[in-house]
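For A:12-36, A:73-94, A:106-123, A:154-178, A:212-232, A:263-284, the entry in TrEMBL reads transmembrane segment. Summarising the annotation, TrEMBL assigns domain 'ABC transmembrane type-1' to A:69-280.
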Amino acid sequence: MATQQTQLLARTLLTPAVALLFIWMIVPLALTIYFATLHYNLLDPGSESFVGLENFRYFLTDPAFLASLQNTLVLVGSVLAITIIFGVPLALLLDQQVVGLSIVRLMVIAPFFVMPTVSALVWKNLLMHPVSGLFAWIAHLFGLPAIDWFNDAPLFSVILIISWQWLPFATLILLTALQSLDEEQKEAAEMDGASAISTFIYITLPHLARPITVVILIETIFLLTVFAEIFVTTGGGPGLQTTNIAFLIYSQALIQYDVGSASAGGLVAVVLANIVAFFLVRIVGRNLEA
Amino acid sequence: MGQITLQGVQKSFGPVHIIKGADLEIADGSFVVFVGPSGCGKTTLLRLIAGLEDVTGGAILIDGRNVVDVPPAKRGLSMVFQSYALYPHMSVRGNIAFGLKMAGVTRDEINRKVEAAAATLNLTPYLERKPRELSGGQRQRVAIGRAIVREPKAFLFDEPLSNLDAALRVQMRLEVTRLQKQLGTTAIYVTHDQVEAMTMADKIAVLNGGKIEQYGSPLELYEKPANLFVAGFIGSPKMNFVTGELAKQQGATTIGVRPEHLKVERNGQGGWHGTVSVAEHLGSDTFLYVDAGPQGVLTARYIGELDLHPGDKVSLIPEPARIHRFDDSGKSIRA
């Protein structure tokens with residue numbers, strides 16, 4: 001029971017933590033907004049001056065911006081599609097009773113524990129390398145020319161690496177959901193004459209709607225800000241082919257040393273993330289309602 | 001038609017024998033109840049008939065055709081599960097229609113049948129609701145609706161009333177029985193509640209330890225139990241068993257008398273003497289727990305109110321014609 005006293009006590013006790021979190025958030029945001037209105041280049045110290053919205057105009061009209069926005073959306077969309085389309089059957093397989101299942105499950109989940117830089121390096125140097133990579137060796141076995149992945153299909157390569165990292169996450173969430181599916185419901189469907197495919201479409205898939213929503217929401221949050229994999233493998237190139245918004249902001253700040261423009265870009269990214277979140281919640285969020 | 005015959009049906013899970021050879025003849029249109037204590041194999045037997053488990057041995061005939069290799073849906077049976085197992089994301093209409101939809105029935109036909117089933121079960125106002133918006137009794141009715149709409153050869157009920165409260169259980173018990181009589185469809189009903197078994201069944205199969213102990217009408221089981229287990233399981237309160245010298249006088253190892261067949265007399269002559277240890281006064285009945293020395297604690301039931309209290313001396317006189325005699329192996333001795 002929340003009496004007025006306990007409410008007051010709760011608020012008083014919570015205040016320091018909330019205040020700290022608020023300062024933690026508001027100081028960087030305020031500074032970013034402040035920097036975004038300055039001409040502020042690290043290569044030109046002492047020349048800081050107020051330029052209004054000039055940095056935003058510069059960032060938004062930069063052809064790199066639209067290219068990187070498109071790359072971001074393609075990357076997020078593809079990884080989401082791949083992880084769910086492959087995650088559902090994988091989870092169905094892992095839900096079966098087979099010998100050695102615990103080891104198989106562990107192996108499937110392992111990629112998620114490898115840090116992004118390491119897995120990107122493994123893919124770049126051990127798997128996709130056109131001279132010494134495993135894929136090149138396999139292609140050679142069949143007498144085919146090796147593919148220079150990061151030159152010929154750079155965005156696809158990055159998508160492949162990131163999907164490999166996130167597939168275990170989707171599989172894991174979907175697997176736990178499958179295990180909570182009532183056995184009697186499946187049997188009822190069996191009695192009702194539903195084939196395996198019908199059971200999947202009418203019983204299993206609707207049951208998975210909610211976990212799929214969770215996967216989409218969580219993955220989107222993390223995939224909008226993918227950076228390490230791009231930095232390690234392609235450095236945003238060739239040209240702008242693998243530059244996403246996060247990488248573009250990085251290159252503004254730490255390659256061109258333009259703090260003002262990078263800050264403006266950061267704010268644009270915040271707005272974009274909110275727009276994506278808004279649409280996501282509108283489209284899939286109703287699945288979360290009990 | 002819905003005549004079901006079990007011939008030496010066996011089921012093992014690895015080395016554990018759950019069903020040790022069951023033979024049963026279920027007539028078309030009859031209501032058969034499988035009753036027994038937890039773990040006696042009654043639900044397993046039902047699942048074998050449904051086809052949700054494969055038999056280890058023996059044959060299951062439905063209308064004379066062996067169906068052990070036939071998938072569940074093709075056996076023409078429908079089942080009501082203990083948890084109801086409704087599809088949570090489908091409306092009541094969707095739930096009831098699902099089986100028909102899978103069978104490829106036309107849309108008009110489905111609607112007609114679903115609405116007819118809903119009308120029978122008073123579900124018409126709830127057709128567009130989701131299962132989570134229904135009460136326990138309504139969900140139960142949807143589960144039954146899902147079973148009847150397919151016009152099966154037989155209904156299989158797996159403890160369908162165990163999740164309902166006592167009042168609703170009595171009501172649903174009547175409704176299920178009435179519906180079954182009205183449709184004239186064979187029904188097999190699993191329960192651990194012997195009152196449900198006695199009130200609903202045309203015939204009861206009492207199961208214990210994976211074997212059918214006795215198969216017969218409720219009164220047959222009550223009046224002529226085949227063995228000690230059935231005698232003790234059917235009837236409430238439980239039958240009194242007496243062993244030793246008294247049983248020997250009757251030419252048996254054990255004799256059994258039901259509480260309602262013990263005449264209670266205050267300080268009377270003859271019969272078995274004892275002291276009342278607990279008296280339960282229900283108004284309509286009086287249950288006496290009588291400490292009768294060498295015979296142990298005996299239960300007596302008196303119809304109506306009997307003004308007896310703990311500590312009172314009574315004598316219990318069994319009705320001679322109602323004494324059940326059992327031999328060494330627990331089998332009933334018939335005169």
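Note that Cβ sites are derived from N, Cα and C of the backbone, with glycine treated the same way.
With pairs at least 6 apart in sequence, the transmembrane segment (A:12-36) and the transmembrane segment (A:212-232) have fewer than 3 Cβ pairs within the 8 Å limit; the two do not touch.
Long-range contacts of the transmembrane segment (A:12-36) within the same chain: residues 55-56, 259-260, 263-264, 266-267, each at least 6 residues beyond the stretch ends and with a Cβ under 8 Å from a Cβ of the stretch.
When Cβ-Cβ distances below 8 Å are used as the criterion, the transmembrane segment (A:106-123) is approached by residues 90, 94, 157, 160-161, 164-169, 171-172, 228-229, 232-233 of the same chain, each at least six residues removed from its ends. A Cβ distance under 8 Å defines the sequence-distant neighbours of the transmembrane segment (A:154-178), meaning residues of its chain 6+ beyond its ends; these are 71, 74-75, 78-79, 82-84, 86-88, 90-92, 94-95, 105, 108-112, 114, 116, 119-120, 123, 128, 204, 207-208, 210-212, 214-215, 218-219, 222-223, 226, 229-230, 233-234, 237-238, 241-242.
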